[in-house]
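Okay, so here's the structure we're looking at.
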Amino acid sequence: MRKVSTGFVYFFGALGGLLFGYDTGVISGAILFIQKQMNLGSWQQGWVVSAVLLGAILGAAIIGPSSDRFGRRKLLLLSAIIFFVGALGSAFSPEFWTLIISRIILGMAVGAASALIPTYLAELAPSDKRGTVSSLFQLMVMTGILLAYITNYSFSGFYTGWRWMLGFAAIPAALLFLGGLILPESPRFLVKSGHLDEARHVLDTMNKHDQVAVNKEINDIQESAKIVSGGWSELFGKMVRPSLIIGIGLAIFQQVMGCNTVLYYAPTIFTDVGFGVSAALLAHIGIGIFNVIVTAIAVAIMDKIDRKKIVNIGAVGMGISLFVMSIGMKFSGGSQTAAIISVIALTVYIAFFSATWGPVMWVMIGEVFPLNIRGLGNSFASVINWTANMIVSLTFPSLLDFFGTGSLFIGYGILCFASIWFVQKKVFETRNRSLEDIEATLRAKTGEDAAELSTTK
């Protein structure tokens, strides 16, 4: 490991999140111009938007088993290359099908980043800082979305502006690759693959030369590493079942509470309550800025409040905001007061999501799976998250036509409150606990210990 600061490691380790956010957010503005220049029908527009989601499902599915075998850092470098190729391929696409293929390739990198980075950051960070460090991923995602909104607005006056919008992502992709050349490998992976001295060196840097902490962590990792790498049978086995339920549940609830539909369709919502198109786009940028600020605050407090308490507070705030917003939208026609109430409620909803469910879901799926299948487990949870994202995004326009904006958001609000039951019943607390302690608790609960599992394939 080259001599680099912990800040450098955390920044470049999380940088893939910026590409994740940018590449999922930029299409909301670019599609307006792509549709006109390529003369796309409704189903073709839907495919341009959804191709990244399809690629993300594939990328997340592939990356988990691969990262357990080849390491987190190598796969992060590969993701950067795929980001770069996908961005330039999208920008230079001459026709519809080339664009779709490029967007699927890009989506594979997005899915890989979502499955890989939370695990990588969780395995690098000391237990007392893991929540803060892991939530940097979500901060980068929100920063990427904001950058996409600004880029969309900046190039909206150019005929070929959409090519610049899509191609701009190649710049941070190149930076991620260059930074990744210097990043260390995950110490957990290094111990598991027999590189003990290198793992100790990485932990020494990340723990700021606290030898007591380093020795304890090395011993704990070695104990977990005795267990042979597991596969799909262990992922669905008795011991991992509590982790799997948490991962799947958090991944689904984060999407079905309406977060991405609100973010993707915010300009449409603004125009529905009386904003002009230009004002709606500027308001979208304003929401993006607010989003980043709130997420930054969440990063600062992530290790000071229990994870379960954070998401439950978020669910209550989001649910109430959606109820208020739906009522405001029902009466927004011709009523400036109702329109203002709807916009305020929308902003409050996004604030609660950005401070709670946005970062905490990614933090926790990087924590709850045992070392020997952590990559596979995180990958599976990410696949579920992207699948739920795709289903919600594809069904939103039809549900909107059928129920209307107000009634639909009441439904999302009910799901917010349903998530509280799930968190209270199924989720265990992980704050200020080492990854090995979390794993030991799982094994104790299910009656399986390291000695038993180290002899099973």
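Here the Cβ of each residue, glycine as well, is placed from N, Cα and C on the backbone.
The transmembrane segment feature in Swiss-Prot is assigned to 14-34 (among others); the stated evidence is sequence analysis.
Sequence-distant contacts of the transmembrane segment (46-66), counting only residues of its own chain at least 6 positions beyond either end whose CB sits under 8 Å from a CB of the stretch, comprise 23-24, 27, 31, 34, 40, 75, 79, 82, 96, 99-100, 103-116, 231, 375-380, 382-383, 385-387, 389-390, 393-394. Taken from Swiss-Prot, the feature transmembrane segment covers 46-66 (among others).
For 81-101 (among others), the entry in Swiss-Prot reads transmembrane segment. Within the chain carrying the transmembrane segment (81-101), a Cβ under 8 angstroms from the stretch's Cβ atoms is held by residues 16, 19, 23, 34, 38, 40, 44, 47-48, 51, 59, 107-110, 112-113, 163-164, 166-170, 172-174, 176-177, all 6 or more beyond its ends.
Listed as Cβ neighbours of the transmembrane segment (104-124) (distance under 8 Å, sequence separation of 6 or more from its ends, same chain) are residues 9-10, 13-14, 16-17, 19-20, 23-24, 51-64, 67, 72-73, 75-76, 78-80, 82-83, 85-87, 89-90, 130, 133-134, 136-137, 169, 184, 186-189, 202, 206, 362-363, 365-367, 374-375, 378-379, 381-383, 385-386, 435. Taken from Swiss-Prot, the feature transmembrane segment covers 104-124 (among others).
Under the heading transmembrane segment, Swiss-Prot lists 131-151 (among others).
In the three-state DSSP classification, Gln138 (beta-D-xylose binding site) falls within a helix. Residues annotated as beta-D-xylose binding site in Swiss-Prot: Gln138, Gln254, Gln255, Asn260, Trp362, Asn385.
Sequence annotations record features per position, and here Swiss-Prot assigns transmembrane segment to 164-184 (among others) based on sequence analysis.
The transmembrane segment annotation in Swiss-Prot covers 244-264 (among others). Residues 25, 28, 145, 235-236, 287, 315, 318, 322, 346, 349-350, 353, 357-358, 360-361, 364-365, 368-369, 377-378, 380-382, 384-385, 388-389, 391-393, 396, 409, 412, 415-416, 418-419, 422, 426-428 of the same chain lie 6+ residues outside the transmembrane segment (244-264) yet bring a C-beta within less than 8 angstroms of a C-beta in it.
The list of residues near the transmembrane segment (281-301) in space but at least 6 beyond its ends in sequence, with Cβ under 8 angstroms from a Cβ of it, reads 29, 132, 135-136, 138-139, 142-143, 145-146, 149-150, 152-153, 156, 263, 266-267, 270, 275, 310, 343, 346-347, 350-351, 354-356, 358-359. The transmembrane segment feature in Swiss-Prot is assigned to 281-301 (among others); the stated evidence is sequence analysis.
Packing against the transmembrane segment (309-329) from elsewhere in the chain are residues 257-258, 269, 272-273, 298, 302, 338-339, 341-342, 345-346, 348-349, 351-353, 355-357, 360-361, 405-410, 412-414, 416-417, 419-420, 423-424, 427: each is 6 or more residues past its ends and has a CB under 8 Å from a CB in it. Per Swiss-Prot, transmembrane segment is recorded for 309-329 (among others).
If you look up Swiss-Prot, you'll see 338-358 (among others) marked as transmembrane segment, on the strength of sequence analysis.
Residues or ranges marked as transmembrane segment in Swiss-Prot (evidence: sequence analysis): 380-400 (among others).
Counting same-chain residues at least six beyond the ends of the transmembrane segment (402-422), those with a Cβ under 8 angstroms from any Cβ of the stretch are 249, 253, 256-258, 261, 269, 272, 311-312, 315-316, 318-323, 325-327, 329-330, 357, 396. According to Swiss-Prot, the transmembrane segment annotation covers 402-422 (among others), on the basis of sequence analysis.
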Additional residues surrounding beta-D-xylose, by Cβ distance to the Gln138, Gln254, Gln255, Asn260, Trp362, Asn385 centre under 8 Å: Ala251, Cys259, Trp357, Gly358, Met361, Asn389
Stretch-level contact, the transmembrane segment (164-184) and the transmembrane segment (380-400), CB cutoff 8 A, at least 3 pairs: no
Cβ neighbour count within 10 Å of Gln255 (beta-D-xylose binding site): 23
Other C-beta atoms that fall within 10 angstroms of the C-beta of Gln138 (beta-D-xylose binding site): 27
Nonlocal neighbours by CB distance (under 8 Å) for Trp362 (beta-D-xylose binding site), same chain, sequence gap 6 or more: Ser114, Pro118, Ser134, Ser135, Phe137, Gln138
Fewest Cβ neighbours within 10 Å, where candidates are the binding-site residues Gln254, Asn260: Asn260
